[in-house]
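For reference, the structure discussed in these notes is given below.
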Amino acid sequence: MSVRDDIAARMPGGDAGLILAVLATAYLLYVLAGVVLGYDLRGQLNSLATLTFYIGVFAMLSLALNLHWGYTGLFNIGIVGFMAVGVYVMALVSKPTFVAGGAAQVGGLGLPLWVGIIAGMVAAAVLGFVVALPALRLRADYLAIVTIAMSEIVRFSFLSGDLQQFQLFGSKVGFGGGSGLILDFVPPLEALFQSVGLWGVYLGFVDATKVIVPTNPKPVVDGLVYGLLLLTFVTVFFWLLKRTGESPFGRVLKAIREDEDVANALGKDTDRFKIKSFMLGCALMGLAGILWLMPQGAVTPNFFRPRVTFFVWIALIIGGAGSNTGSVLGGATFAALLYQGPRYFQNLVTTVLPNLDSPPGFGQAIGPLISQLDPVPFLLYTIDSIRQLQLVVMGLVLIWLMHNRPEGLLGHRKETASVISLSRPKAAAAATDGGSADGDVQTDGGVDVADNNGGVDDE
Amino acid sequence: MSDASQPVDDVATKVDEGALGSFASGVQTTEEYPLRVEGLRKSFGGITAVDGATFQVESGSLTGLIGPNGAGKSTTFNLITGMIKPDAGTVTFNGEDITGLDPHEVANRGMVRTFQIARELSEMTVLENMMLAPQRQRGEELWRSVLPGVRNDVREQEEELLERVWEVLDFFDIDHIAEEYAGNLSGGQRKLLEMARALLTDPDMLLLDEPFAGVNPTLEKKLLEHIHELREQGYTFLLVEHDMDLIMNNCEHVIVLHQGRVLTEGTPDDIRSNEEVIEAYLGGNV
């Protein structure tokens with residue numbers, strides 16, 4: 001319809017091609033930045049692994065949010081709460097049982113990792129159900145208030161001393177409170193490869209990479225492989241949500257987004273559809289949270305501040321709500337440019353111009369600008385504070401997008417909510433062609449296809 | 001054309017009946033008066049919008065519901081279709097008490113409404129709007145839509161539905177705008193879309209809330225032709241309308257609401273010569 005569709009249309013491979021092109025561009029930029037920064041191969045690989053990791057988690061989260069907001073019109077600003085519940089329940093189930101004198105202050109139930117992951121997703125979905133039940137019957141903005149309140153309640157609950165440790169099935173378990181929870185289960189990659197009996201093969205592969213990374217290649221390879229695993233999950237999310245959207249189910253969700261009363265008047269039990277969509281999205285958010293924090297070794301409640309929720313929203317808005325392809329693109333763009341980008345930019349500037357001393361405080365930075373119209377100290381100060389300014393940059397990007405491109409990079413996309421293409425079936429097309437020639441064609445049901453002259457005129 | 005009523009299972013049968021291929025057989029009304037409204041009452045704060053309205057609608061009729069502004073016509077519609085719940089009174093449809101049911105439950109029982117201001121689903125195409133309407137689609141279950149294998153059943157049904165959707169689009173002469181976003185349609189086209197969409201839900205009875213408001217005379221004539229044609233196939237219509245001439249020329253039965261109550265009812269000629277009606281409309285100054 002306009003530029004964005006043309007981009008996708010001109011792209012070899014269509015949407016997939018577009019996603020690959022954006023990913024390739026991001027990787028190229030990071031490799032170039034790495035070259036300028038003088039990274040060795042190990043540094044380059046680590047930087048790419050980190051980039052892949054964040055692209056993966058933000059793409060997954062914005063896909064899940066797209067189901068809520070883009071498809072169903074559910075204003076969920078408690079994403080991080082569902083992530084937290086997913087991770088903590090997974091930890092509770094999968095951490096090894098408590099051993100006195102160990103590093104971990106509390107234990108878990110000691111069940112396999114995959115059981116924990118499923119339990120975490122189920123817990124997030126159940127929490128979604130509990131939140132949705134009262135809130136979905138109210139207007140959309142109330143759901144927003146309830147969800148953000150819920151996410152803070154979840155954070156404070158995990159912070160509280162009462163849940164720090166307790167007895168469950170006779171073992172000492174808990175959520176660790178404010179000091180955090182050590183995730184001392186088998187590392188996820190090891191668990192994954194062991195479950196398919198390929199752990200030895202994987203270790204052999206790691207050994208072989210010594211040709212490229214001579215010393216201790218395992219963390220580097222682990223990082224890259226985990227990044228690839230995340231991209232696989234992004235693909236699964238995409239597949240699942242595409243099928244969900246392109247179906248009669250997705251059609252009802254879209255109708256609810258557009259006008260719930262109409263969907264209801266057409267005989268759709270909209271509450272049921274909304275709850276199902278909400279629970280599915282929450283489970284996926286829980287899974288994304290698990291995949292984000294599982295390899296980190298420890299988790300603290302204060303990671304789950306509302307700003308993570310808003311990161312996901314920015315990612316979705318960049319990509320364009322309502323489009324799964326857009327969600328992936330938005331997640332990738334956000335991770336590469338807004339989340340990781342500023343740090344790299346700062347590193348680049350300090351590497352290229354190593355001898356610049358930035359002023360120590362705001363006063364010294366702004367003073368020369370006012371008194372001597374000398375902007376250099378102010379610019380240096382800005383670059384030095386870029387991490388703190390990251391949120392400001394995100395805010396500016398958001399404002400710019402809202403003004404100039406509210407539909408996002410790929411918004412307003414025609415992703416038809418149907419299992420099949422809705423163009424006229426061949427049989428029907430033939431019938432109508434005949435119909436317009438004869439002027440009058442009766443179908444088996446007695447419908448006057450080429451109407452107009454068959455109507456009753458009472459006037 | 002393919003045989004439209006080839007049931008695959010129970011679910012499919014229901015949908016089959018719903019689509020256009022079998023207009024007449026889709027109507028299952030056995031009652032002489034499918035819709036009975038008795039003593040319906042609804043107050044908003046201190047204002048009684050509907051105050052004991054009692055009437056019934058004859059099967060296969062085109063019944064008009066008229067009344068001056070504020071007579072409670074739209075509220076009555078909302079009460080019948082479950083958009084709002086009545087304070088008192090009952091609504092019976094095809095012999096079943098449907099008082100206080102949710103709108104989707106009412107629609108599932110075969111009574112579907114359209115809205116005064118056409119409420120198309122603007123960011124969906126006309127085709128998506130139409131495909132939404134048929135009841136009890138298999139793919140409305142999430143697992144059926146997602147799981148490989150069973151999705152083929154959904155696909156099969158979608159193909160059947162699509163054929164009927166195109167038939168209805170042809171019937172209403174809006175097939176040329178099928179791929180458009182509904183939001184880009186003109187006011188009149190939206191009205192057509194809304195009626196076409198309502199028809200695809202397989203209703204026995206259609207409640208039309210001012211279907212001719214803001215519609216040009218040519219399209220109005222066309223809409224009327226459609227309504228008459230459908231009525232001959234057995235559909236029952238209840239119509240709220242402001243345009244007296246239009247009601248008088250087209251409806252065989254007219255119900256006049258005034259201050260939330262049925263003032264009188266009868267044939268257009270009865271109504272035309274009824275002093276009370278004239279008084280109600282003109283404020284008693286005639």
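Cβ from N, Cα, C; glycine included.
Keep in mind that what you see is a predicted model, and the values were worked out from it rather than measured.
Annotated in TrEMBL:
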TRANSMEM  A:16-39  transmembrane segment
TRANSMEM  A:45-67  transmembrane segment
TRANSMEM  A:74-93  transmembrane segment
TRANSMEM  A:113-133  transmembrane segment
TRANSMEM  A:140-158  transmembrane segment
TRANSMEM  A:223-241  transmembrane segment
TRANSMEM  A:278-298  transmembrane segment
TRANSMEM  A:310-339  transmembrane segment
REGION    A:430-459  region 'Disordered'
**Study point:** Same-chain residues near the transmembrane segment (A:278-298), Cβ under 8 Å, at least 6 residues beyond its ends
**Key:** 56-57, 60-61, 63-65, 67-68, 72, 74, 76, 79-80, 82-87, 89-90, 117, 120-129, 131-132, 136, 180-183, 187-189, 222, 226, 230, 233, 237, 240, 244
**Study point:** Same-chain residues at least 6 beyond the ends of the transmembrane segment (A:113-133) whose Cβ lies under 8 Å from its Cβ atoms
**Key:** 78, 81-83, 85-94, 143, 146-147, 150, 154, 185-186, 188, 191, 195, 274-275, 278-287, 289-290
Revision key, fill the gap. With the greatest number of Cβ pairs under 8 Å to the transmembrane segment (A:223-241), the stretch among A:16-39, A:45-67, A:74-93, A:140-158, A:310-339 is A:45-67
Revision key, fill the gap. Ranking A:16-39, A:74-93, A:140-158, A:310-339 by Cβ pairs under 8 Å to the transmembrane segment (A:45-67) puts first A:310-339
Check your understanding: What parts of the chain pack near the transmembrane segment (A:310-339), using Cβ distances under 8 Å and only residues at least 6 beyond its ends?
Key -> 8, 15, 18-19, 22-23, 26, 29-30, 51, 54-55, 57-63, 65-66, 69-71, 77, 79, 234, 238, 241-242, 245, 390, 393-394, 397-398, 401-402, 407-413, 415
